[in-house]
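In what follows, a single structure is set out as structure tokens and then discussed.
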């Protein structure tokens, strides 16, 4: 039984490039982002991975990343579930703002707290804790059963929705998880035990 879970943050988006808060806004990948997603697929192909099912968010940057990966491994038509439970953290009133402009409006310290604290949310938005409150139950109910049946499951999503998953899988604290940097288009491969605990973890960087 493989019991394999592969997490991939979407490739660079147009708003990543412009240093804007993105959240639930639906923006496209950059040329570099498409290349990162294709490269992720090639890394997974080189490992000989074949997926039983794929999950992604309701946002096109994650969906396109997912499709690039499936194309690379020769599974373009694989069943793919799209659900907003895997969407990026909702940045509320910060969405669409340049991060430097947000610092000018609210102050460097306040914006830093909103971005890098675990349980403080920006106006009208979600904290990382809030994001985890929708991501983890979705994982337990919809994703994990496929893995525990011996499947190989792809999840193409976002920096903060994946942080929320990794926090629970790795047993990290809120303080630890906010410091975790997830590269765009970098696959993280988990092997799970039959009791759902983590047997191994590998990050395919470079």
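Keep in mind that glycine also has a Cβ here, set from the backbone N, Cα and C atoms.
The model shown is predicted, which means the values in this text are computed figures rather than measured ones.
The annotation active site, tele-phosphohistidine intermediate is assigned in Swiss-Prot to 10. The active site, proton donor/acceptor annotation in Swiss-Prot covers 88. Annotation source Swiss-Prot lists substrate binding site at 9-16, 22-23, 61, 88-91, 99, 115-116, 159-160, citing sequence analysis. Per Swiss-Prot, site 'Transition state stabilizer' is recorded for 158, and the stated evidence type is sequence analysis.
Here the features listed in Swiss-Prot are placed on the structure.
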| residue | record | Cβ within 10 Å |
| --- | --- | --- |
| 9 | substrate binding site | 28 |
| 10 | active site, tele-phosphohistidine intermediate | 30 |
| 12 | substrate binding site | 21 |
| 15 | substrate binding site | 19 |
| 23 | substrate binding site | 22 |
| 88 | active site, proton donor/acceptor | 27 |
| 89 | substrate binding site | 27 |
| 99 | substrate binding site | 13 |
| 158 | site 'Transition state stabilizer' | 27 |
| 159 | substrate binding site | 18 |
Residue 158 (site 'Transition state stabilizer') versus residue 89 (substrate binding site) - Cα distance in angstrom: 8
Candidates 10, 88, 158 (recorded positions) with Cα within 10 Å of residue 99 (substrate binding site): none
Cα proximity to the residue listed as 'active site, tele-phosphohistidine intermediate', best match among recorded positions 23, 88, 158: 158
From 12, 15, 23, 158, 159, the recorded positions whose CA lies within 10 Å of that of the residue listed as 'active site, proton donor/acceptor': 23, 158, 159
DSSP state at residue 9 (substrate binding site), helix/strand/coil: strand
9, 15, 23 filtered to the binding-site residues whose C-alpha is within 10 Å of residue 158 (site 'Transition state stabilizer'): 9, 23
Secondary-structure category, per DSSP, in which residue 159 (substrate binding site) falls: helix
